[in-house]
Amino acid sequence: MAALSSCGPNKPWRSLLVLLAGVAVLLVGSVHLCAATLDEDIELIWGASHTYFFMDGDTETLALSLDEQQGSCFRSKGTYLYATISMDIKLVEGNSAGVVATVYTISEGPWSYHDEIDLEFLGNLTGEPITLHTNIFANGEGGREMQFYLWFDPTADYHTYTIEWNPKYIIIRVDGKAIRAFKNYQDQGVPYPTWQQQRVYGSLWDADQWATQGGAIKTDWSNAPFVAYYRNYNTTWCQPSPGVAWCGDEPRDSTHFDLDPQTMADLQWVDANYKIYDYCTDHKRFNESEFPKECYLQRAGV
């Protein structure tokens, strides 16, 4: 399930409503390596009446909320081609079955060849683990789902979720720890996002048709409004090797973006302990001869 179903460039925008009186404040962040305010870097797409800025301790924070009438969504004003994007998120507390919070990037061209990097947090019953659902689209081709449990309660406090996108890898990190790395096998005929700029989105929406236990558990609206909190939005442009003009010009045989030992160790630890689904090992979904090409390349250690 692509995050675009929650909000995105192909969905009709609703008029922005006036923010809740007295709660809109500036949120200080670090974007493009300089200080900025969150409301200067993002804009509300829909659900402004369900969205507000407030002080959470010493940090200014954006709250997205969802009730039976509407969810809420924001997007970045800027677009990026190769960048590291991170945000601190505190997910919906209590019974969040059916509710999905997201942060993702997506290109703005036709859907048939769009690029997208998804992080979707699938709500659950109280006390049951929230699933982090990830997916990657390139040139309109998706179906690269991996799912994870987290090694902490993501509803109890803020944690940092990062998309690190460079010409060789897309790395997804949680609190700095790598949980997924998607390698560029474009020279082997596997699509990879290399040419379309992408915009950052975040949303809170109802997906009880599929989100929790395959849709068996529905949203309990008596718990509404559901609220997720976002803060510390940061973006930094990809940094190429010395002497290279920009990351897109990095030589194919460069080792500049190779995975470092700590990242490789993180990936192995998460694979062994917290990965709960990997499309490359789903023999119910694919016959052995039908797996996506990158799955065979990964197994071969290419």
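Yeah, the Cβs are placed from backbone N, Cα and C, and that goes for glycine too.
Note: TrEMBL annotation is automatic and uncurated.
Annotated active site, nucleophile per TrEMBL: GLU116, in sequence order.
The active site, proton donor annotation in TrEMBL covers GLU120. In this view, GLU120 (active site, proton donor) is surrounded by 25 other Cβ atoms within 10 Å of its Cβ, with every protein chain counted.
What TrEMBL lists as domain 'GH16' is 31-230.
The Cβ of ASN124 (N-linked glycosylation site) has 21 other Cβ atoms within 10 Å, all protein chains considered. The N-linked glycosylation site annotation in TrEMBL covers ASN124.
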Legend entry - Euclidean distance between Cα atoms of ASN124 (N-linked glycosylation site) and GLU116 (active site, nucleophile), Å: 25
Inset, instruction - Count the other Cβ atoms sitting within 10 Å of the Cβ of GLU116 (active site, nucleophile), across every protein chain shown. - result: 23
